[in-house]
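*Asks:* There's a structure below that I have some questions on.
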Amino acid sequence: MVFLRTSEKAGSCFIRTDQLDGETDWKLKVAVSCTQRLPALGDLFSINAYVYAQKPQLDIHSFEGTFTREDSDPPVHESLSIENTLWASTVVASGTVIGVVIYTGKETRSVMNTSNPKNKVGLLDLELNQLTKALFLALIALSAVMVALQGFVGPWYRNLFRFLLLFSYIIPISLRVNLDMGKAAYGWMIMRDEHIPGTVVRTSTIPEELGRLVYLMTDKTGTLTQNEMVFKRLHLGTVSYGTDTMDEIQNHVITSYSQTQSQASGNNASSTPPRKAQSSAPKVRRSVSSRIHEAVKAIALCHNVTPVYESRAAGAGETEYAEVDQDFSDENRTYQASSPDEVALVQWTESVGLTLVSRDLTSMQLKTPSGQILTYHVLQVFPFTSENKRMGIVVRDESTAEITFYMKGADVAMSTIVQYNDWLEEECGNMAREGLRTLVVAKKSLTEEQYQDFESRYSQAKLSLHDRALKVAAVVESLEREMELLCLTGVEDQLQADVRPTLEMLRNAGIKIWMLTGDKLETATCIAKSSHLVSRTQDIHVFRPVTNRGEAHLELNAFRRKHDCALVIAGDSLEVCLKYYEHEFVELACQCPAVVCCRCSPTQKAHIVKLLQQHTGRRTCAVGDGGNDVSMIQAADCGIGIDGKEGKQASLAADFSITQFKHIGRLLMVHGRNSYKRSAALGQFVMHRGLIISTMQAVFSSVFYFASVPLYQGFLMVGYATIYTMFPVFSLVLDQDVKPETALLYPELYKDLTKGRSLSFKTFLIWVLISIYQGGILMYGALVLFESEFVHVVAISFTALILTELLMVALTIRTWHWLMVVAEFLSLGCYLASLAFLNEYFGIGRVSFGAFLDVAFITTVTFLWKVSAITVVSCLPLYILKYLKRKLSPPSYSKLTS
């Protein structure tokens with residue numbers, strides 16, 4: 001929607017864009033001036049005007065168009081930019097607005113930027129699917145063998161389908177239900193964990209992925225750091241001020257403005273020429289106080305920050321916000337900006353005595369230490385973009401009518417704009433090595449004629465319908481020449497709590513960590529060192545900037561000769577390497593213990609994740625907190641969003657949402673381990689449950705000349721997979737092989753999980769052999785020990801089968817929980833109760849001989865010893881083998897749990 005009119009006096013409003021781009025700071029939007037100036041709201045509906053807008057596109061940060069009013073003389077033409085738009089999914093935070101809708105439905109920016117995230121399937125689910133396919137083939141093969149052994153007599157295809165039905169328990173139909181219930185239980189346990197409060201499980205299908213991760217991609221700002229900017233350093237070339245000397249700056253500011261005020265009160269006109277002489281001759285050596293005064297004033301004026309004052313609405317009891325119509329008291333003032341860096345700078349100028357008290361579209365006011373209000377008219381604002389990496393503002397001092405162009409930006413963008421100096425590059429490197437985010441501040445004085453010439457060319461460029469951005473940039477660049485370097489600022493983004501021990505834990509767990517950030521190389525390298533992403537004993541190889549295939553080849557050869565070193569590479573060089581030597585680069589980078597990719601775009605972050613998945617086949621995890629991390633989070637096998645200061649977009653798009661980076665340690669080491677181990681045991685046990693009864697059916701049919709007759713009928717078959725065995729088998733989701741404290745203390749245990757030994761074809765084959773052995777023993781034992789009535793075969797074998805399943809669950813459990821004991825006895829009680837009360841419904845011995853359950857027989861000592869003997873023979877050898885294995889070849893965690 002194009003913003004035409006607002007109820008705010010300033011002709012602007014604030015909007016919240018957290019649901020669009022993930023940023024929580026308010027954005028300032030400006031109404032079209034010719035419609036805002038209309039005397040009454042009704043006049044808006046009587047004018048003859050039209051809007052020319054560019055075709056719908058993805059970029060939410062750019063817009064080009066024109067507004068033309070034809071019924072005026074001459075016709076009014078106004079250029080439209082991103083400042084004049086209100087996108088769908090944004091919220092108006094102040095006043096009321098009226099606009100004209102230009103994009104609807106699928107053409108809106110929010111819909112066009114919405115991509116359907118891929119359906120993530122866990123590695124464990126894929127492995128179980130493969131095993132299920134193997135079981136399906138086994139079902140067909142076993143049925144075919146039984147029909148073949150029959151001799152293909154009669155309608156053999158009917159017998160084939162009968163055997164397929166009889167052996168259908170080989171297919172673990174209840175596996176998916178049990179696993180989904182288990183996943184839901186894992187999610188509930190994660191959200192109930194008091195050690196990681198605020199954690200939210202948004203996807204219940206992949207909790208086991210937390211236990212299989214090999215690569216972890218993380219953002220820097222707001223993820224490893226707090227995204228709380230604190231002003232730390234001001235450098236003027238010959239003198240530098242830190243946090244312990246800020247009071248000196250404050251004294252200089254107080255002195256400077258007190259002198260200026262006294263001069264102005266004596267003779268305002270006489271003070272003007274010296275100030276102009278200073279501005280036009282920057283090479284003249286000035287006093288430190290004067291240089292500090294100019295630097296602080298430039299920082300206080302060059303920004304897009306707006307002070308917002310809070311007050312109570314009369315009688316409403318609700319908080320209202322306004323831009324200007326409040327008292328300028330410090331208690332109820334807050335600052336709104338799209339960048340926390342700018343807020344930190346303005347807060348710092350307030351702390352040293354120069355306070356921003358008011359701002360609207362055309363002016364801003366500063367309050368000096370003595371309480372004097374200085375008014376500056378805003379003539380032009382050049383916003384910051386990722387392409388130019390700088391922002392500028394042109395202001396006119398109301399008291400002196402001086403026009404000044406202030407600009408600040410990254411050192412790479414400003415170094416070619418400012419006048420020659422011999423300290424900027426060195427000091428930028430020094431600050432970056434301290435982990436500070438640097439900004440270069442400069443100014444240029446303009447005469448009235450210079451500004452008018454620029455303004456006419458700038459307005460003409462803004463009205464262009466083709467290549468507007470290039471034409472506007474060319475005009476602005478003509479102004480950005482020979483600017484006077486004022487100062488260099490350093491702002492610190494502090495590390496989050498316990499980042500260092502968490503990264504060290506992940507590294508000890510065998511997880512390779514890649515930091516993907518849009519920050520500069522020096523700052524990213526410093527954060528990597530200070531956070532211990534790169535250990536103290538490791539070397540760092542900084543990949544030289546490359547622009548073509550030959551340079552990339554030489555640098556890759558140089559990197560290949562390095563061993564056990566961390567890699568730091570810029571996004572531009574990364575793009576070149578991936579273009580010509582994708583496989584070679586990924587192969588070398590994967591050998592590094594840590595990788596830092598700086599100056600990365602959101603698209604590059606997602607591309608790196610996909611490359612690792614394709615080239616390594618290992619499980620990846622992405623961690624981020626901002627809207628620029630969403631694509632990376634959605635591309636990874638497991639996405640973790642941090643509910644931080646950059647909004648909830650990453651948190652809402654992620655599979656798991658946490659509040660602090662340190663919670664990742666417990667999420668992976670404890671919950672990831674438990675989820676994977678439990679699901680592996682649960683899945684294999686459900687398969688074992690179907691294989692053992694199918695083996696008994698196969699033995700039974702073989703003994704009776706391969707007859708396709710069911711061994712168990714009716715409620716028995718239903719009860720076997722439900723009330724008789726479901727509770728004990730599902731109680732495996734409460735099992736744990738090591739205590740949480742042990743898993744956190746020895747993260748090296750996590751390395752075994754990535755090898756997938758808990759669920760593999762080897763373990764699957766072991767469970768198949770166990771099922772065949774136990775099913776054969778149970779069936780042959782019942783056939784050998786039964787007496788005169790055939791019904792005794794069914795009673796003995798089924799009872800022994802239930803007891804065997806309960807004992808196998810007990811032998812599998814490593815750490816008992818009281819609910820596990822309840823589940824064991826509850827299932828046993830349900831079976832005994834069903835024998836006593838539902839014997840006729842069961843039709844246990846019916847088969848094809850017309851017999852029913854002999855209640856008198858199952859209460860005799862003979863029945864009890866026969867069942868006990870068969871059960872012991874089926875379970876005791878397995879227990880002995882398990883005991884010997886633990887003694888002779890114990891698992892890695894056995895010594896820690898003993």
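Backbone N, Cα and C atoms are what each Cβ position is placed from, and that goes for glycine too.
Caution: TrEMBL annotation is automatic and unverified by curators.
For reference, TrEMBL lists these features for the protein:
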- D219: active site, 4-aspartylphosphate intermediate (ACT_SITE)
- D219, K220, T221, E342, F384, K408, R437, T517, G518, D519, R599, K605, N628, D629: ATP binding site (BINDING)
- 257-281: compositional bias 'Polar residues' (COMPBIAS)
- 652-890: domain 'P-type ATPase C-terminal' (DOMAIN)
- 257-287: region 'Disordered' (REGION)
*Asks:* Show me the subset of F384, R437, G518, R599 whose Cα is within 10 Å of D219 (active site, 4-aspartylphosphate intermediate); these are the binding-site residues I mean.
*Replies:* G518
*Asks:* Could you tell me the maximum Cα-Cα distance in Å between the residues recorded as binding ATP, namely D219, K220, T221, E342, F384, K408, R437, T517, G518, D519, R599, K605, N628, D629, rounded to a whole number?
*Replies:* 28
*Asks:* Including all protein chains shown, what's the count of other C-beta atoms within 10 A of the C-beta of R599 (ATP binding site)?
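*Replies:* Neighbour count, Cβ to Cβ under the 10 Å cut-off: 19.
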*Asks:* Could you check what DSSP calls N628 (ATP binding site) once collapsed to helix, strand or coil?
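*Replies:* Assignment for N628 (ATP binding site) reads helix.
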*Asks:* Around the Cβ of R437 (ATP binding site), how many other Cβ atoms lie within 10 Å? Please give the count over every shown protein chain.
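*Replies:* By my count, 22.
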*Asks:* With every protein chain in view, what's the tally of Cβ atoms within 10 Å of the Cβ of T221 (ATP binding site), excluding that atom itself?
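*Replies:* There are 26 such Cβ atoms around T221 (ATP binding site).
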*Asks:* Quick one: give me the count of other CB atoms within 10 A of the CB of N628 (ATP binding site).
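*Replies:* Summing over all protein chains shown, N628 (ATP binding site) has 24 other Cβ atoms within 10 Å.
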*Asks:* Can you work out the mean pLDDT of the predicted model over the domain 'P-type ATPase C-terminal' (652-890)?
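*Replies:* Reported value for the domain 'P-type ATPase C-terminal' (652-890) is a mean pLDDT of 85.
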*Asks:* According to DSSP, which kind of secondary structure is R437 (ATP binding site) found in, if we only use helix, strand and coil?
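*Replies:* For R437 (ATP binding site) - judged by DSSP and reduced to three states - the answer is strand.
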